[in-house]
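Taken straight from Swiss-Prot:
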type     : residues : note
TRANSMEM : 25-45    : transmembrane segment
TRANSMEM : 91-111   : transmembrane segment
TRANSMEM : 126-146  : transmembrane segment
TRANSMEM : 170-190  : transmembrane segment
TRANSMEM : 205-225  : transmembrane segment
TRANSMEM : 253-273  : transmembrane segment
TRANSMEM : 290-310  : transmembrane segment
TRANSMEM : 330-350  : transmembrane segment
């Protein structure tokens, strides 16, 4: 019996019919706290990694090796005043930051950490993740409009166009995963990647979706960078043009909530990419399968997040027209063509996804 089963059985005996509700709340709280800690130290890792790329040390003053820097940053933001522009729409202005964070947290309900370790193992998990993650664009538009600022509204309009443009390509990439796995359940998608010729010979990583669906994987990940408005797709903020985009009139914790949502969405994109294309909790080689699955998932997510940071430190910002051209004239045709190719592939004698 696993640790979770032991806790579940003991709690059921102690609290009776109230236990399922209490257990669900405890799991949600644990996941939320872990995500917040991950965001705090992801920001530190980003600053450290970019510092090393610049031949600098990065943050190293607060605590040993700078490990307490995230706590200092949080305290600083908590103590700052939330200043509201006089011309802003009060309630919409305050609701917008909350609306960005809530969908980012909600997606984690369906992401499996390892076999049988998921908050809600729903059959339409992939559809749920896509639907919930697309809600964030409304909060960005709301923030730009409620601030009653031309700069903020311009940033919000850019964000809306950019996010909608790349969601279409991401959607087609996920259709390919649905076609090959035959399920919208994220746990079943991971299980579908554990079969095949290479998996049968102990080389699991060659059976994952990244290899046969490589164009979709590349499109999904780059579109994820654009969806989170990260460099080189950060024309929404565009420091040299419109300063901070839709966040220009926010301060204190209201400002911090936008960045919290951005970094949570980075982790979500990486976790979904690892789940859909990199085998989720599956070990790369069969002889390593004794290591808990959550270790492999965390390792894959960490690697993808490091790519996010590497891209930020390496590439210059694209012009707005270049971003639109990439989404509509490159990524969309590539994913549509690959859907057709995989469809014919699955109907041919060379079908590698036969269960």
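If you go along the chain as it appears here, the first residue is 1 and each next one adds 1.
Note: Cβ is positioned from N, Cα and C throughout, glycine not excepted.
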Taking a Cβ cut-off under 8 Å, which residues six or more beyond the ends of the transmembrane segment (290-310) line up next to it in the same chain? 42, 45-46, 49-50, 53, 113-115, 117, 221, 225, 230, 266-267, 269-271, 273-275, 278-284
Would you kindly list the residues that approach the transmembrane segment (126-146) from elsewhere in its chain, counting only those six or more residues past its ends and only Cβ-Cβ distances under 8 Å? 88-89, 92-93, 95-100, 103-104, 106-107, 109-111, 152-157, 159-160, 163-164, 167, 170-171, 174, 177-178, 184-186, 189, 227, 236, 245-247, 250, 258, 261, 265, 268, 272, 276
